[in-house]
Amino acid sequence: MPPSPRSPPPTPASVQGNDIVNSAALCQGDMELELCMSCVNDSIIKLREVCSNQKEAVGYYGRCMLKYSNASVLGNTEMEGSAILVNVESASDRNQFIEALDDLMNLLKADAAAGNPLLKFATGNTTGPSNVTIYGLVQCTPDLSETQCRRCVEGAYSQYVSSGFSWRIGGTNFRPMCRYSYDVTRFFNGSTLDVRPPPPPLPITPPPVPSPLSGENGNMTRLVVIIVIVTIAVILIAFICIFLRMRRKKKKKQKPLLPTHEDESMDMSNIESLKYDFSTLSAATNNFSEDNKLGQGGFGAVYKGTLEDGREIAVKRLARHSGQGEVEFKNEVLLVAKLQHRNLVRLVGYSLEGSERLLVYEFLPNGSLDQFIFDATKSTLLDWQKRYKIIEGIAKGLMYLHEDSRLMIIHRDMKASNVLLDTNMNPKIADFGMARLFNPDETQGQTSRVVGTYGYMAPEYAMHGQFSVKSDVFSFGVLMLEMITGQKNQCFRNEENMDSLLGFAWKSWWNGTTTNMVDPALKKSLGSLSDVFRTIHIGLLCVQENISDRPTMSSVVLMLNSHSLSLPVPSEPAFFVNSNTFHLYNSSSSSTGLSEKPKMSKLAPSQISINDISVSDIVPR
């Protein structure tokens, strides 16, 4: 890699005074040295042309990136901005494509983050719908830690998904500290460069201890040997003690399922009356036959069953290879057993025998909400009155979790497939495997393991692992907008426009054209549109980027019930992508499937220019 310039283009503003300029360049991990040098040199020229008056800039050119700033650029995760490239072609089966892409990106994210201090880079492929091969690439700047790299990629991918592009057959998101790309044509070399850290220096061999001759020299030698042996033994014992103590602490950290008070704590013996034998549940579900299968979730399948007394039940059989282990299983049992609310699914029992873990719920004949609102035929069964009733019920269920239960509970995976409907179309929130319990004096938490569904995650959770009740509020806002449009946030379609669901809702509300975003299946049953417009307004309040701007669920319930209550003006939603922050390309436009035109991000928040030379200026949010 050629040496990076120590300063931006030589203008008086950049060389006079005591200004300090830091810069760094990064090439795609599989590039040859000569190609890398050429790419970086081209980037330097482009940056001089485009960003001559900027104190901070990031330039993307082909397969390399160059950035400079008057602040540190190494380990600086505060640099913002992104450039998104999107292939204009759509996948044949959107849901299967998104599922395959999610799995691929999760694997590559982990591989790249676990790289060495010289290279954090991973490539791979998977099979999508119609046997199409999906190729993926993830790379972080090597100065990032494993956690920082993982969070950077999660944030980039979450922004891309929330922008409604994940059903396109190719795309990439460049960020100052990381990037990810995918396409149905190979755009990287078959093998990556094998970059390893330099080997540690050879230990210096101490001079041989002279053999004891006699008298005092012999006694002195024996004394030195004894002291050395005792010292080594003491150090070894100390290390063992420290190791055992750290191991004990780690086990203690893993043991608690929920941060509860002692008088609120609850072990499995307290709910022994809810325990079922595995054989009973196997017989009730006809040995978990495919005919009884209701659906497939992230942690396992759900089956319909009938007990000997004639009661119908829903049995969730956790997959042995699933990410939900015994901790998450006990979490869901202990948590749901405590909850009593008409808008929360009721736990009937559980089974824990050997490697088999099963949860038994009340059977709700109408299935999940997503089976209605995203289905062209079934969506006609949900008129506006029913949808509004469902929205109100979900809001009341979340308000109970956040404020009315004994301890504050954050669901962390609020989405349409986790809302079940009873015979009267009353909603019941389900799937508490990822829920977290908080003490009354706690307001937010942080985790290094981000779980949930891309497209519903709040930005602070997807990017930094920070979650609070406002994370659920964000997910609820996305769900509200999905119910009004009848479209999934992950694969939102707006004819030829590239808006995401959140971006389209924001623009429609701002321009006064919200009628355009209403589900066609709803329009026939609508009387006045004022309730729909107000609900869209509330949904936009829930998906605002600033956590403090989002309302609480109790405020949402009040807004939904009181039509005379005036609503504040919402700000732009999170992951809002302005039209000149991304580029379209066609897979036939280049051999790599990705555009080779330069993508420059000017990060100065006050200077935004029109894109007239294929340069992406990041619009401040």
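Each Cβ is built from the backbone N, Cα and C atoms, and glycine gets one as well.
According to TrEMBL, the domain 'Gnk2-homologous' annotation covers 1-73, 79-187. Feature annotation from TrEMBL assigns transmembrane segment to 223-244. Here TrEMBL flags 288-566 as domain 'Protein kinase'. What TrEMBL lists as ATP binding site is K316.
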What are the DSSP helix/strand/coil residue counts across the domain 'Gnk2-homologous' (79-187)?
40 helix, 36 strand, 33 coil
Restricting to the domain 'Gnk2-homologous' (79-187), report the mean pLDDT as a whole number.
87
Starting from the Cβ of the residue listed as 'ATP binding site', draw a 10 Å sphere and report how many other Cβ atoms land inside it.
24
